[in-house]
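Record features, source TrEMBL:
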BINDING   A:Gly166, A:Thr167, A:Gly168, A:Glu198, A:Asn225, A:Asn243  GTP binding site
COMPBIAS  A:62-71  compositional bias 'Basic and acidic residues'
COMPBIAS  A:80-89  compositional bias 'Basic and acidic residues'
COMPBIAS  A:433-452  compositional bias 'Basic and acidic residues'
DOMAIN    A:2-261  domain 'Tubulin/FtsZ GTPase'
REGION    A:61-127  region 'Disordered'
REGION    A:415-472  region 'Disordered'
Amino acid sequence: MKLALIGVGGAGTRIVDRFVRAERDTGRSVTNGNVLAFTTDPRAFDRTTALSADRQVVLGDAHPDVTRRGAGEGNAAAGERSRHSRAEPTEAGEGSATETAPEGAPVTDGDSDGLTDAITNYGVGGDPELGARVAQADRPEIRRALDPIEETDVAATMLVAGLGGGTGCGVGSVLLEELQSIYETSVYALGVLPATAEPDRRTLTAARGVRTFVPLADSMFLVDNEAWCSDADRVVDRYEPINAMTVERLLSVFGAGERDCGSVSEMRVDSADIQRTLDVGGVATIGRETVRVEPESRGLIARILRLIGRSPETDSTAVDASMVKHLISRALQSKLTLPCDITSADRVFVILTGPPDTISRKGFETGRYLLEEETETVEVLAGDEPIPGAPELTATVVLSNVTTVPRIERLQRRAVAIQTDGDPNDKATSATDTERPAATKSTDERFDRSNPDDDAASHGFDFGDTGRDLGE
Amino acid sequence: MKLATIGVGNAGSKLIDQMIEFEFETGRNLCRHALVINTARTDLAKPRNIDGDRRVLIGDTHRKARGHGVGGDAEIGAEVAKTDIDEIRRVFDDVEIHEVDAVLVAAGLGGGTGSGAAPVVIDELQKMYEEPIYGLGILPGTYEGGRPALNAARSLQSFVNKVDNFIAFDNDAWRSRGQTIEQGYEEMNEELATRIVTLLAAGEVDESEVGENAMDSSDIMRTLEVGGVSSIGYASTEVDVEKQGLLAKFNDAEESESESTDAAKIKGLVRRATNSRLTVPCDVSSADRALIVFAGPPDVISRKGVESAREWLEQEADTVDVLAGDDPRPDSSNLAAVVLLSNVTDTPRIDEIQNQAVDAQNKIQEQDAVREEEIQSLITDDDNDLDPIV
């Protein structure tokens, strides 16, 4: 399915950049160059490698409340701005953020939406209200920037953002509105939820972000940093692998059938299948599982034996069917991008990617039926993507409109507590993991354990596959 | 019989394509016109034996299709066929309808395009032509799930009401272990194409001898005219080529002996065709009319055998309306018997699909009813304290 990808903020930019690289590496063509990245802090582009300069858009250049990096002008300008902003009757209090920015400069590897635990003071300083105002003010610029996106080239557009960031969430909200108003085709969103170890302000921003994005988007994929971080990890160390995992799954879903040299698929996935799965709106999550396929069972001799009917019936054939069925089952039980109660899914989509001679029809059909029974929905769309000679077989499952998501409830409860606790901006500048009240943490942990769907504990954190290159 | 054929959706198109291939391989001449209709551009490119200008893409301007299928949604399938009906009619206009005996519309009933668009196409054809229109529908297997079952149950009603006869094919009956997806569908299409073409092409042997017992198109049409759902059985056997040789013919004694073995063989073949896998499993005795076609070298088709086979089927099908005839294929190395059971009313598989469809429909309605509410409750905190950003 052809998809335009629009990243916003640091996290969004990185994911889109990685996606474009992965497209090249796997020979799939999804975006056809229809990509853009928006940020309020140009340093978000420092690490991008696949996004050309004309695809990078900096917003808020002229906005008085946006903090620019730059030597020398720091103190005076910041002071000027903070006075200015205090005068504004906004709740967000960007004043405090800008004030500490120049000397505090707490974030040395500067990134506004999540490469570090702390919130940087550059760009919109983690303030979604400011982000939204900046984007509102820059609407004409946003429209101009969107010009190179060929809507007729793509079946849909996806906005990618870290929901905890001021730019991702704030600018993203306005951008999402804008995209919906100018595009006739579907506009999806992908949002990253902050881990609990990240600053409180991100949690509050993200909870509001979910509230804002979901009704605006035709469907919203969520990736939960919390579920993909273990206690031992520093959140910051997890961003790379989580982004890699996210891109790998997105590409499995949207890149199915978009391979230049793919052989003809029997049950081809067409964009209408994916779109119909997502049509119901709400929140979507992705699971994935891969198995190496034994070269022996697929060898020439085995194939000839099968052709002339001399294949040991019990051996290779039975193995194939149950292997495929179990693979689909394991993809469903795998750690989802956003853990949830799978029975709350509205529609389900499954794609099998791998060598066509391993995709057993019986296994595929019973696997699909299993999805229907396990998720308690009758709307299961399925397809295959044959890749001759591939060393592994992958099942990717999309659960669309999941409505029982303990993680979102926890996020909301914490966000309400943070909001009630007082001015979130104080925490924005100083909050760290250790400052979080111990009580909150243990409560969270209890939730984690009591949630049967959050299978983090049982699955461990096998990021083994995220380091590799995507696809095969 | 001479047919104009239309394949709707992926399954229907591939089946028509396979029928043409089988015809070509066996020197038959059944499908005088072939047309395929689809909503997905890539699937439309798959058939190997259909001319480029006989492939019609519908729904490419529809917001939810755009040349990329309808995502299994029969409503959209029907909608886009209605919208683009002029385009379909325009392509069909090239068909010299007086040159054909009937029109055959093939579709998979589980998918969105076949189940939704095919009945619309049939409606239009019925308005335009006097000729009988037959449907050939592939029923989804149990494991394809609730949505395909619902599509099929609904489409089956439209099909059976609109066509002059509906030949059903049950995916479940043809599932076997050890197939890949590719092999699975290919083998199924081959089996079905063999049955359909062997049955309907009877009586269309232009150059070869036409025996007095030859099956005629009008016999087949008479059997089909009762309407309803039909099932087809098939069996074939290798013919001993030497026996037909010159030497064997000199020996009168041997010939009469072989005559009786041939008769037994023929009857056995028909029993096998009826009792083996039918295209849709059914109670044979619920058939309204029946017909047997013997396709193969004329000298191995024993008259005695044909008559006793016919009588046997009369008993089994519990009807006196059983026709039997030959389709002489002098060059063929095997003898095939095709049994058509017309208007069978006891088909357990169709009942199952209907039950599965009712459950699916209930489930879908339940989901629709609470969808918006559940999304709202998910994104809103308990006391609605959190505000959206914009």
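Glycine is no exception: its Cβ is also placed from the backbone N, Cα and C atoms.
Scoring each of the binding-site residues (A:Thr167, A:Asn225) by how many neighbouring Cβ atoms lie within 10 Å, the top position goes to A:Thr167.
The binding-site residues in question are A:Gly166, A:Gly168, A:Glu198, A:Asn243, and the one with the fewest Cβ neighbours inside 10 Å is A:Asn243. In the predicted structure, the domain 'Tubulin/FtsZ GTPase' (A:2-261) carries a mean pLDDT of 82. Take A:Gly166, A:Thr167, A:Gly168, A:Glu198, A:Asn225, A:Asn243, the residues named in the record as contacts for GTP: the widest Cα to Cα gap among them comes to 19 Å.
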